[in-house]
Amino acid sequence: MTDHSAAGRPLSSSTLLLLAALTILLGSMFGQYDLDLPTAGRLLVAAAVAIGIAAAIVSLREVERPSIALPVRGSWRILAGLALFHIVLAVYCIHSVSPETIDCITFQRDAVRNLLHGVDPYGQTQANIYSPELTKKFYGPGMVVDGRVQVGFQYPPLTLAWALPGYLLGDVRYSYVLAIVAAALLLYGIYPGGRSLGLAAFLLLNPLTYYVEDRGWTEPLVLMLAAAALYAAVHKRWWLPLAAGLLLGSKQYNFLALPFLGYLAPPLGWRTYRKLAGYAMLVGLATALPFLLWNAKALVHDIVLFHLAQPFRDDALSMAVPFPWMLKVGPLFVIAFVLWYIRKGPHRFATFAAGYALAMLIFVATSKQAFCNYFFLIGNLLLLAVAAMPSISLRPQLRSKDVV
């Protein structure tokens, strides 16, 4: 007789992804909130990498079960109430909790203002708001001249467009509050049920979410677009090229999502992948085309060269701090993982979010800058993957050899 007790079964991939997400979100806090415990944060980042890889390995052997997503009565009303609560508390935090500003906020504010006045936001300079000590820490050599940072806008044009409504309402950060609310609604809408409601509530109530919004970091936009791509894959296939293209165009590191796009358009195959990836890249390029035509040199300087010149941060939650050789081998680890997972990953929508998140986790964990905003996105992408596979229980799973 086969032993089907929970004690004899391995943890499911969804459970491991959930654990990896919680670990990385907890670890990211050790570099924030004035805790200043980067070593503890790095240990948790390393643990999250190990748990995430374990989840990927376990996913290869899992037995698919019928969907266990169960509707929750009044769930949309619950979610609407949580969203309203989040908006009110986020706006309060933005204006009352932390009056300190950072360059991410001022750069977006001034870039939008330039655009509204008909001035190309790229290729300009920005006022340096930091002390000499922090300037040396935050900016690369030659990037600050006579008190001006030699960059106009360091994010892709889609971010500029997204920040515009917030600016018109009085603060660019309002746009990212909206992005979080939209991400929560999309996350729940992928497979409505108790699990997705809990994950959406976690996103809306997590203190780290409010911190990211307060800092004006742009990762909420990326999270929203990743959720939109998954939602489109499940419910609105004709939206998928648009959603995937906007995702690619929203942040420089989203090239890491490109190899996994094929999992959003089954049946998985080269022809299907090539078609979706081609359309998505065209959409992504279209978001930058007006500024490429306006001043291509300025655009490339601001969104590429400026970042390449950024200094190594010894306060980063990166394995490259204690082990500098990680900077050289990290990209090889990323390539190896991507090649392995796109070949072996299970053919389901969640593999897109899980693969993208884990590739980014390895990339960031071995890079020169690894901070809260990146890990916030990675952790919530992992939760997005959990929401996208309701057929994989959070309870221990049967091995394929145990099925009788």
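Cβ coordinates are placed from backbone N, Cα and C, and glycine is handled just like the others.
Keep in mind it's a predicted model, so treat the numbers as computed, not measured.
Taken verbatim from TrEMBL:
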{"type": "TRANSMEM", "residues": "41-58", "note": "transmembrane segment"}
{"type": "TRANSMEM", "residues": "78-97", "note": "transmembrane segment"}
{"type": "TRANSMEM", "residues": "174-205", "note": "transmembrane segment"}
{"type": "TRANSMEM", "residues": "217-234", "note": "transmembrane segment"}
{"type": "TRANSMEM", "residues": "276-296", "note": "transmembrane segment"}
{"type": "TRANSMEM", "residues": "316-342", "note": "transmembrane segment"}
{"type": "TRANSMEM", "residues": "349-367", "note": "transmembrane segment"}
{"type": "TRANSMEM", "residues": "373-392", "note": "transmembrane segment"}
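Counting residues 6+ beyond its ends, the transmembrane segment (349-367) has Cβ neighbours under 8 Å at 13, 17, 24, 45-46, 48-49, 52-53, 55-56, 59, 190, 226, 229-230, 233-234, 253, 256-257, 259-261, 263-264, 316-320, 326-327, 329-331, 333-334, 337-338, 341-342, 374-375, 377-378, 381-382, 384-386, 388-389, 392 in the same chain. Only pairs six or more apart in sequence are counted, and the transmembrane segment (217-234) with the transmembrane segment (174-205) gives three or more Cβ pairs under 8 Å, enough to call it a contact. For the transmembrane segment (373-392), the list of distant contacts is 12-14, 17-18, 20-22, 24-25, 27-28, 45, 52, 59, 62, 64-69, 183, 187-188, 190-191, 193, 195-196, 199-200, 202-203, 208-209, 212, 215, 217-219, 222-223, 226-227, 230, 234, 317, 348-354, 356-358, 360-361, 364: same-chain residues at least six beyond its ends, Cβ to Cβ under 8 Å. Within the same chain, residues 10-13, 16-17, 19-21, 23-24, 26-31, 317-319, 321-322, 337, 341, 345, 354-355, 357-358, 361-362, 365, 370, 375, 382, 397 sit at least 6 positions outside the transmembrane segment (41-58) and bring their C-beta atoms closer than 8 Å to a C-beta of that stretch.
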